[in-house]
């Protein structure tokens, strides 16, 4: 008997990587503790209601802070935070460098003098100067220059739910906007761009919907045009490489003839450079042709897999909506994460700073909760994406290894989700944790590189970039291996390490096929993304052209094209995932089955035709001869 473990698709179901599931649950409990701690220490109230520079929370009675004047005030009727100089933004520390007060109402019109500020206080009962000054003293007290707002006081309005007075005119934040949007030189240009977006919002929404529809249509019809796309790609590569090489040799010959009479050093250098370029292009073209010659028969497998993937979406239409659910869950989690992050920014004990005002700081081990929260962002986000991969893998595996398609479950997607929740959450937690271990060091190195920009020497900069690049490559390789490990887990219900080892062995045995699918297939999907973006952009140009006389439509068109690319990427990445799962199922099917009684193939008839054609070519070339014969030998 063979010592190798047999693959038994969908026959047994058992829980996998339970310790990792328990570890993930404990980690999530820790995330919940951080949220509860920040709310219990008053951070939620400080975030939502706002607080002044003396540590008083607006809209309630406060407790006295030792050593701080104007603290412990009853501000029940003063519900809004007002900054004396709201435009003074510290970009480095990401805060407003201004005295903050609690006021009864925000100034709804511009106040140009101290007299206007005094009149506003007497009329509305909202004192915009520091608490120790009475409204009658605004115009006479010499301290008013420091304790009253910098005038003219811009018109402001309260931010919904957060009770902060924010200037209505965004030109107040010119410095901040300049740091984020470098191409805006004045507020009028920004106003025109924003007005263009607001004027064209119906067209933008319609074009975004169009990109969504085009992506869904492309996922259905791509199996019919995959062969055409492959031929287009092949012809473009051949013409491009031959044309580039021919032009370089033509330029070299022309330069040599024209410079034969003139012997200068510059002419010799140019001629030598052209010769090097022409020889390099020739070598590249020859290598490219050899690779295409070796891969030509494996392209047929890519086309067959794309054809079967189209059938999968017809039998499993809910796969199309998988990006929606994943995106919705990610948005919910990111909203929660940002909310807790804001809570953490206002939690801690009141501490006087150098200026005599109050800041809230965490002391002791609690100040490291930030790092725990950041790790949670990466791990849980990767966990959610891995759940999508496992769900898609489980549904496609169910489709592939069900001989009679009429016997498929009513909803294979829900059946796959049920298996994920009942058996494989631990495997998903372990796989996502491995990606987290690689991603966090890369993020730290990127942060260090950003902070040291312009300060480090060339050698340090080169080493940092090399480390970041290596970690990025490792992350991509591990992500691909994880995806195949999830497929192996969905097939055989084995733990993560066993599944990753089995999947890796299968991929190594079919290395050339993997290369063909990941090059030709990825380029076909890239062409699909380009097609959707170009179609949506063309429709946008035609529709927005009618508004060219009264609005700027450059920004709306950029927004539409970016959204179209994002939508196309989300949908076609699901298609790519389905193709990868189908390939692993096909490789396992051909390795352990040969079509004989008792060992019948599970594959679709399109893939069966590919297998038969491969067998015929093997018989003609001689069984077992060459690399191709060895790769097809298990059939």
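Cβ atoms here come from the backbone N, Cα and C positions, even for glycine.
TrEMBL lists transmembrane segment for one of the ranges 173-194, 327-348, 415-436, namely 327-348. Transmembrane segment is the annotation TrEMBL gives to one range among 550-572, 573-595, 596-618, and that range is 550-572. According to TrEMBL, the feature transmembrane segment maps to residues 274-294, out of the candidate ranges 148-168, 274-294, 442-462.
Check TrEMBL against the ranges 368-401, 470-503 and you find transmembrane segment recorded for 368-401. Sequence-remote contacts of a segment are chain residues at least 6 beyond its ends whose Cβ falls under 8 Å from one of its Cβ atoms, and for the transmembrane segment (274-294) they are 234, 237-238, 241-242, 244-245, 248-249, 251-252, 255, 512, 628. Same-chain residues lying 6+ beyond the ends of the transmembrane segment (20-45) with a Cβ under 8 Å from its Cβ atoms: 57, 60, 336, 340, 343-348, 360, 366, 369, 372-373, 376, 379-380, 383, 425-427, 429-430, 433, 496. Of the ranges 203-222, 228-253, 300-320, 523-544, the one with the most Cβ pairs under 8 Å to the transmembrane segment (368-401) is 300-320. Same-chain residues lying 6 or more positions outside the transmembrane segment (523-544) and placing a CB less than 8 Å from one of its CB atoms are 200, 203, 206-207, 210-211, 214-215, 218, 222, 226, 229-230, 232-233, 302, 306, 553, 556-557, 560-561, 564-565, 567-569, 572, 575-576.
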